[in-house]
Amino acid sequence: MDPKLEQRARELRALLQKASIAYYVHDAPILEDSVYDRLYRELQELERAYPELITPDSPTQRVGEKPAEQFPTVSHRIPLYSLENAFNLEELKEWQERLWRVLGRTPEEGELEYVCELKIDGAALALTYVDGLLQRGATRGDGQSGEDITPNIRAIPSIPLRLATAAPPPVLEVRGEAYLPIAEFERINRERCSAGDPPFANPRNCAAGTLRQLDSRVVAARKLSFFAYALHWPEGWPSGDPPQTQWECLQRLKDLGLPVNPLSQVCRGLEEVVQFYERWRQAQLPYACDGVVVKLNSLRLQEEAGFTQKFPRWAIALKYPAQEVPTRIRAIVASVGRTGAVTPVAELEPVLLAGTTVSRASLHNADRLEELDVHIGDTAIVRKAGEIIPEVVGILKELRPPDAVPYRLPSHCPECGTLLVRPAGEAITRCPNPACPAKIRGQLQHWASRDAMDIEGLGEKRVAQLVEKLGVRTVADLYRLTPEHLESLEGMGSRSSQKLVQAIQRSRQQPWERVLYGLGIPHVGVVTAQILAQHFPAPELLAQARAEDIAQIYGIGAEIAEAVVAWFADPAHQKLLQELRELGIPALPRQAAPAVSQVLAGKKFVITGTLPTLSRQQAKAWIESRGGKVTASVSRQTDYVVVGSDPGSKLKQAQALGIPLLSEAELLALDPK
């Protein structure tokens with residue numbers, strides 16, 4: 001190989017990477033488009049003639065020629081949490097008050113410093129760089145795991161294949177948002193309409209769908225963009241001091257060649273946060289934006305504030321006001337859910353709302369019906385609750401037609417005819433019949449859902465057939481179905497029947513936490529199921545637990561604990577669990593024991609400062625796995641305060657109350673094993 005050719009290839013790669021960073025990160029192009037294209041073609045021709053010159057970070061290697069067959073599921077080394085939402089300034093103030101309490105601070109100690117970032121309406125991504133090279137890109141998924149879509153990530157031109165540094169961290173985890181510029185979204189929809197295809201509903205849906213394309217050439221053609229907003233260095237920072245604030249993180253991301261939204265700003269106190277929010281609320285931006293993300297600037301205070309089951313306590317999304325539209329109520333139906341809750345649902349004249357077509361909206365309950373005085377034929381004001389679920393929020397009574405009909409919930413279940421009940425103190429009307437077909441359908445659909453047993457092909461229509469035609473009554477019945485049973489159903493042939501039975505049988509291997517979530521215990525969501533499964537690694541152990549023991553687990557509480565105990569005490573549920581265990585579900589030994597001793601059972605800990613070797617989350621997990629509970633604030637009920645370097649005001653509070661202090665080493669010594 002001619003050394004001059006190798007040198008030229010290196011020069012071209014370096015120049016093209018520098019030009020990309022100047023264009024996408026600094027918005028300051030250093031090359032005309034025609035010059036960039038000429039240099040790109042020169043590198044392409046060199047690599048075509050001498051394939052040994054091709055490197056993984058070459059700009060010519062962004063788009064592969066061969067479509068992927070599927071996207072494997074991968075675990076996130078660092079979870080991607082959701083954000084708590086605030087829909088008005090009062091909720092924002094309440095969040096800050098909670099933050100003050102968690103940090104053990106008062107307003108008199110000075111305003112907190114925040115970083116405000118525009119909340120781009122796109123798809124969250126997790127990027128992993130190893131020794132400076134892009135190794136993996138994945139979707140957010142459920143926050144714990146997502147799909148490995150690396151070929152598609154490489155096709156997004158603003159995401160660098162190599163970090164712009166000679167001394168990268170050994171591993172760098174980057175979080176950001178892939179989005180579709182509005183102009184590009186409109187271009188794609190024009191082309192789809194011209195081709196006779198239905199247009200995409202909104203840029204977010206288009207971006208998410210594009211990222212899951214099996215052919216990365218489609219991704220490249222749609223010209224997605226990307227903004228990075230977080231970074232983590234799990235194996236250390238290479239040289240100098242690591243970032244100490246969120247603002248420094250954004251600057252480091254930019255220095256590494258990753259695009260960062262230039263409209264972010266440091267704000268001192270909520271007054272400046274509100275000014276930032278108002279400044280951009282009505283702005284015409286080149287991308288969809290649905291609010292402002294407010295984050296504590298100090299990384300040390302972020303770590304001290306910690307996380308709830310779902311959200312970081314140190315960040316919140318201040319959402320823009322929800323879009324509201326009027327439309328006519330054509331009918332109202334009573335919908336029965338898997339718990340027996342009866343919800344009035346308005347069937348509407350279809351209307352476009354927040355980028356999607358809405359034809360049904362919730363009326364919540366009987367109290368809401370009475371409060372709104374809803375009539376069939378009314379013109380209703382509809383909005384999306386939390387930007388997700390359409391709901392009726394008002395009635396334009398001045399537009400009520402003479403033939404409008406008042407609506408009241410039925411006295412008997414529309415599915416099974418059982419007299420409905422409304423427990424004292426509850427707003428929800430319920431069907432008490434455990435054999436109600438609607439409840440059975442809901443339970444089966446929940447069991448088969450993606451976050452539970454993830455049974456592909458077992459959707460709403462198929463579940464209805466199983467209940468109506470084959471007499472399926474419990475989730476255990478699913479595992480007794482054969483292809484011959486299914487072939488009797490409309491639309492099911494030999495091949496599709498075998499495929500569904502295989503999907504059902506595969507789900508036997510799902511872990512205990514998914515089974516637990518799939519059981520549909522009240523108040524037990526995905527995260528709660530994971531926590532319970534960690535502490536009680538078999539159904540028998542959880543079934544034997546007392547409510548007070550369950551309530552001691554960090555992140556659970558009395559209401560969830562009582563619901564769990566009540567569920568396991570029901571004879572019908574005990575029978576179902578026995579049937580599942582006989583079927584080998586969940587797939588674990590019949591006798592399981594806790595992995596570690598419970599030497600810290602009943603003890604309450606508070607952590608303050610930075611520990612020498614353990615992160616705050618690692619220390620919390622260590623304590624909880626041994627039966628202890630980690631709380632956010634110091635009180636007289638606190639047993640120990642674990643103190644690291646640079647502690648906060650919690651140290652003074654502990655000293656004032658005479659609470660024992662522990663170093664990290666003293667903490668670990670509490671369990672000699």
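Glycine is treated like the rest: Cβ placed from N, Cα and C.
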From Lys4, Lys319, the one annotated by Swiss-Prot with Asp33, Ser34, Val35, Tyr36, Asp37, Ser82, Leu83, Glu117, Arg140, Glu177, Lys295 for NAD(+): Lys319
Number of Cβ atoms other than its own within 10 Å, given for Cys416 (Zn(2+) binding site): 15
8 Å Cβ shell about Cys413, Cys416, Cys431, Cys436 centroid, Zn(2+) site members excluded: Val336, Gly340, Pro414, Glu415, Gly417, Thr418, Leu420, Pro432, Asn433, Pro437, Ala438, Lys439
Closest of Lys119, Cys431, Cys436 to Arg140 (NAD(+) binding site), Cα positions, recorded positions only: Lys119
Close in space, distant in sequence - Cys413 (Zn(2+) binding site), Cβ under 8 Å, 6 or more apart: Val336, Val342, Leu419, Leu420, Cys431, Asn433, Cys436, Ala438
DSSP helix/strand/coil residue counts for the domain 'BRCT' (595-673): 23 helix, 15 strand, 41 coil
Three-state secondary structure, which DSSP defines for Leu83 (NAD(+) binding site): coil
CB contacts for Asp37 (NAD(+) binding site) [other CB atoms within 10 A, all chains]: 11
